[in-house]
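For reference, Swiss-Prot has these:
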- GLY92, GLY94, ARG95, LYS115, ASP127, GLY128, ARG178, ARG185, ASP264: ATP binding site (BINDING)
- ASP254: active site, proton acceptor (ACT_SITE)
- ASN255, ASP264: Mg(2+) binding site (BINDING)
Amino acid sequence: MSVAPETTVALQDRFFRELPELAVRWQAETFPELRLLVLNEPLATQLGLDTGWLRGPDGLRFLTGNLVPTGAAPVAQAYSGHQFGGFVPRLGDGRALLLGELVDNKGRLRDIHLKGSGATPFARGGDGLAAVGPMLREYVVSEAMHALGVPTTRSLAVVGTGRPVYREATLPGAVLARVASSHLRVGSFQYAAATGNRDLLRRLADHAIARHHPGAADAEQPYLALFEAVVAAQASLIAQWMLIGFVHGVMNTDNMTISGETIDYGPCAFMEAYDPDTVFSSIDFWGRYAYGNQPVIAGWNLARFAETLLPLFSENTEEAIALAERSFGVFQTRYDAVWATGMRAKLGLPAQVDAEFAAALIDELLALLKANHVDYTSFFRQLGRAARGDDRSAAEPAREMFMDLPGFDAWLARWRALGPDADAMDRVNPIYIPRNHLVEEALAAATDGDLDPLDQLLAAVTAPYTERPGFERYASPAPEDFGKYQTFCGT
């Protein structure tokens, strides 16, 4: 490791200075042969980073932690977590480092974080490395989520390391440079609470308020206001996942952010045929994190968050619990509002349509989609075509997706009678998402050294609402011979 000139990049070490008990100073491993696989130039510009420098030797060393700016203090962060319902008191960044924070061109403090940078004291016997495929998967999906308007961590770059990674096969290694509003998690609070150090817990809460929810500082009960703000942010986030058919796959408490951003894309995937029981993760044997369970699991995680904050709510435990339970009502209210508003937009419903009528229309449609195994993303885009005409030909692309034509036609007639707005529908219903078969195709090619399929896929999913000639295959569901899809965390 070496130190960069002061004028290159200015990183802060706010997390380490304010919460040293939650951080271990550490250095990235030195890698033999760095090769830039993908660089997010628009994001780099937002961060005030010179893209030409990032592409050069020093920039690549910076993106892998091998060149540290003067004054920076790379750390592995400590946190706990409930993993598939079981509490693990000591998790932490086993193969990641927080390089530091910088201020972007909008004045926001952002984390620069490395994934796959080598083993840390939290590695739990792992090698601390990451393979090209999983790192590029996170790059593709996180940038697609950003383009879809969903709060998410961002991907700045993926750099090949020249070091082999030994998994089920020998794979080329890579480091992902990730950008986030912060990496504070529910698990961060669980770790602080487990220490029994009330001062640490309070400082962590104050840090979270200052960084993410500053309005809570002026509330009569700031820590209760923090809890309510996180509950509201997560309720909104999960509703947005549900609206686009996103399945996170590993909703452990250490993967739930205080900022309300989506984080950690290991076993994630997008649902194709609509089914609330959709599961992709190879280790989610009981469907705990199935698509339809995501709101319930989010609530469960937030209850664990509330438990950590009880000492800050009140010295009286019963009173603290009562306050938490009352505040938790924010979740369902916010979730229902974001979901209902989003579904109305997906259906192009005018504002004057009665809420109860709209809810019944939505429920009936979802039942039809499930019963007919209809591709979720394609359907809503094709339905927009049906809103552009009253004849059967305009509706035919959507009708062709159903076996129960009488059932769908009856629903279609009621929907058309409401005067849906086709242009509004096209603004919220994507035509391109990271289709599972196309992601696998791009990752396999990239692992073999061919980045063209990755570049094409990124071109599609980072402009998801604009239909373009030559991109037809990126709008199509997986072929039947693709089979049942499973994902793996890549650890």
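Placed from the backbone N, Cα and C atoms, the Cβ positions cover glycine too.
All features noted in Swiss-Prot, drawn onto the structure.
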residue	record	DSSP class
GLY92	ATP binding site	coil
ASP127	ATP binding site	coil
ARG178	ATP binding site	strand
ASP254	active site, proton acceptor	helix
ASP264	ATP binding site	coil
Between all pairs in GLY92, GLY94, ARG95, LYS115, ASP127, GLY128, ARG178, ARG185, ASP264 (listed as ATP binders), what's the biggest Cα distance, rounded to the nearest Å? 23
Quick check: of the binding-site residues listed here (GLY92, ARG95, ARG178), which one has the Cα closest to that of ASP254 (active site, proton acceptor)? GLY92
Whole-number Å distance separating the Cα atoms of ASN255 (Mg(2+) binding site) and ARG95 (ATP binding site) is 15
Within the same chain, the residues at least 6 apart in sequence whose Cβ is under 8 angstroms from that of GLY92 (ATP binding site) are VAL24, ALA76, GLN77, ALA78, TYR79, THR120, PRO121, PHE122, TYR191
Using a 10 Å radius around each Cβ and counting other Cβ atoms from all shown chains, which of the binding-site residues ASP127, ASP264 yields the largest count? ASP264
Suppose we draw a 10 Å sphere around the Cβ of ARG178 (ATP binding site). How many other Cβ atoms does it contain, all chains included? 26
